[in-house]
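In what follows, a single structure is set out as structure tokens and then discussed.
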């Protein structure tokens, strides 16, 4: 029961983490306009994402444009695109592997094999978390470096967007959930049970059986 509970908890955390990775991948708020110096009062806010850039007017209107060329993007955005998509693929793959080896399914009969499959699914989820962690930290480092770089104009400076925080939360869930799945062990419900049989009674010629006569009065 404890192992099944760990599997359910770990799988739940990993599924939520994978969904958050997909949300962070689609959101355009990886980089947002930094309101510094004379930029406190502005008529528009700029969002830069992996797939598009959006401009939000002070009136509430928003216009988005998909990135026309992949090669025109920075190295951090190109790497973030690839690694985030790979993380999403690993999340779906890990879900299939864990479900195949879960104790609540009958895809695999042998308990030892089921445990190894679940552990492998946990490793897949941990790798998925690491894949999404790399572009998040890379992007955050570039944003902070440009923010404190005096050679970068204030109008081009950006701040960390909401998508990065969502991605970090997803990474934590994937790593914790994957570790719980790796701690799964085979069920011990039948391992300590031994069948005990009473010896067969031999019948005697008089038909009374081979019983102790002291039991009779």
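Cβ coordinates are placed from backbone N, Cα and C, and glycine is handled just like the others.
Taken from TrEMBL, the feature transmembrane segment applies to 6-27 (among others).
For 82-102 (among others), the entry in TrEMBL reads transmembrane segment.
The transmembrane segment annotation in TrEMBL covers 122-141 (among others). Long-range neighbours of the transmembrane segment (122-141) within the same chain, counting only residues 6 or more positions beyond its ends whose Cβ lies under 8 Å from a Cβ of the stretch, are 10, 14, 17-18, 21, 24, 30-31, 76-77, 79-80, 83-84, 86-88, 90-91, 93-94, 97-98, 160, 164, 167-168, 170-175, 177-184.
TrEMBL lists 162-181 (among others) with the feature transmembrane segment. If you look at the transmembrane segment (162-181), the same-chain residues 6 or more away from its ends with a CB under 8 A from one of its CBs are 6-7, 9-14, 16-21, 23-24, 27-30, 32, 49, 84, 91, 94, 98, 118-119, 121-126, 128-130, 132-133, 136, 139-140.
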